[in-house]
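Feature list (source: TrEMBL):
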- 59-254: domain 'Succinylglutamate desuccinylase/Aspartoacylase catalytic' (DOMAIN)
- 68, 71, 165: Zn(2+) binding site (BINDING)
- 229: active site (ACT_SITE)
- 269-342: domain 'AstE/AspA barrel-sandwich hybrid' (DOMAIN)
Ligand SMILES: O=C(O)CCC(=O)N[C@@H](CCC(=O)O)C(=O)O
Ligand SMILES: [Zn+2]
């Protein structure tokens, strides 16, 4: 079955041709230098043979996309990197795991089929009604693939997980990253400047544990993990891939162990926000007061009524709060919006 992938060198096509389950799995080599393993549909690992058993000189890198099936730009980007590896245009010097999160939702052209996959990590897949739908089953498997990848005998010098997304709305800062909650650990200045070199000049520091994929890797493996938003969601073929040249170049350098050439941390080069609260939906009649085309990072003054539900007003609590990811159409109990205030740089090292 892997012959089809070896021939086409198109992992996206191979994944979408086999969206449910890749029964045999399988392994093959690229030249003398790389072992390739396909663990499941949408799951492929590149293992450089140059990494000696027990070596701690290398990095373990997870690049995930399509945790939301209709967010196509990250899928095209990951597929391009995989193609370059398969075609030996680039040669991996670090271990790399690529994950296409939700193949059935990619085919469907939707965010998810039954349940938002990015609300099901950190064990949420098995809570309540348990493993009752495809996303719950997939979330558990994705956790297991990350566990297996990050649990090899060698202990890498760094674990990285970039979970690539696009946002539903346009944003005042086109590309931005969410830094998962990290109690007791400082934020990495080097990672923030890596993101900046990728053209991702805005970082949000999350204020609490979540059920997202990036938080899973951050919490369980102390990975440098981020959810990364790369612009507004568009269908396949409509993405302007020139907007990702810097990101692709930096990921290329990371994978091939080329010099990253990062600038020293400079807070004037980045926009840093602290999440001050997540507003969860309490009632079915939840609605925002602002229009659907209001952009992410739009700021509102203290006292402004952001939303209404159950006969109550939900108001801005700080002098100014910017909003990100407003979405009233989520199930009761889930996040409708994150509110942001300027972040301090005290905890960045
Ligand atoms: O644009 C939107 O409303 C959602 C975009 C998106 O999928 N964002 C992620 C962020 C995850 C995080 O907070 O780390 C999500 O909502 O899952
Ligand atoms: Zn997404």
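From the backbone N, Cα and C atoms, a Cβ is placed for every residue, glycine too.
Less than 8 angstroms from the CB of residue 71 (Zn(2+) binding site) sit 65, 111, 164, 165, 166, 233, each of them six or more residues away in the same chain. Highlighted here are the recorded positions (68, 71, 165, 229) whose C-beta falls below 6 Å from ligand 2: 68, 71, 165, in sequence order. Looking at residue 68 (Zn(2+) binding site) and the residue listed as 'active site', their Cα atoms lie 12 Å from each other.
The Zn(2+) site is defined by 68, 71, 165, and by the 8 Å test on Cβ atoms against their centroid, the other residues of the chain that qualify are 65, 66, 67, 69, 70, 74, 111, 118, 164, 166, 167, 233.
For the residue listed as 'active site', the same-chain residues that are 6 or more apart in sequence and have a Cβ closer than 8 Å to its Cβ are 165, 166, 167, 171, 175, 176, 177, 178.
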